[in-house]
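The block underneath contains the structure these notes are about, expressed in structure tokens.
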Amino acid sequence: MKTCFVSIIGLPNSGKSTMLNTILDYDLSIVSYKPQTTRDQINGIYSEDDFQIVFVDTPGFQSENSLFSKVLNKNAISSLEDIDLALFLHPVNRKLDQTSVELAKKVLKLKNKIAILTKIDLEEDNQILAQKANELKQLGFELVLGFSEKYQVSKQDLLEEIKKYLYDSENYFDADFLTDRPMRFLAKEIIRKHLLLNIEEEIPHQVAIIINDFIENYQEKEQIYISAMIYVAKKSHIPIVVGQNGRMLEKIGKASRIELEEKLGQKVILINKVKESQNWLKDAKLIKKMGY
């Protein structure tokens, strides 16, 4: 058997989660046009008969100087430790700005790295695609690949390149595992996903979710009981998340429950509550309490 560990790193909305989900053929990471969609490192496991690749999807590298952004950046950079290959993602429709170059330089210090030009389906002009790839090569990347979730060949090309970094080792995870994250973590992510999809502005990015209960075989039946607390940073955010007569919270809860039942293959009883945790984004102790 062979294996390797691969870190997926880039700025927010560079296509990291989309790439991971495409490779796994499974919606493991939240995908949204909004920044800070991925907050945690999420390990995705791709297995075939004779090898296993463990992908680490990281939070997008932030240009902001807030305490929470600094925590996310630290988590993203820490994913580069003890990995076998780093994939630096840069979308074709974004300029290489100062933050992109700063992150690229950190990746270029590693022994094994590949630059990935993402969202290539958005650009039909091959000359522009070649120019964008050349910009990444000028930074120091020897290999630049294109990727789009719409082009199956780009997935296969990427996997073939990654396979060059495989080494002899027993599998770290069972072949049928898609992630090493516990289901209560995925429950938290699914609830946060539907908050992102249903609530506009910046409120979803000032929300943290803690799963208080995750009880399997609840009441001795084939069902799972989940209770979650949704923490908001301001008291004024509570009525927005709850909605008129509780309709927004009910909508978020229903969509989350349906997706959880699809993924878990069991009936789910989901109870969501909302509570203020004032300015948790600016308090190191509270950020840690929220799981970051």
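From the backbone N, Cα and C atoms, a Cβ is placed for every residue, glycine too.
All annotation found in TrEMBL is predicted automatically rather than curated by experts.
As annotated in TrEMBL, region 'G4' covers the listed stretch 118-121 rather than the other ranges in 78-81, 98-101, 118-121, 262-265.
Neighbour density around each Cβ, counted as other Cβ atoms within 10 Å, peaks among the binding-site residues Asn13, Thr58 at Thr58.
DSSP assigns Ile120 (GTP binding site) to a helix in the three-state reduction.
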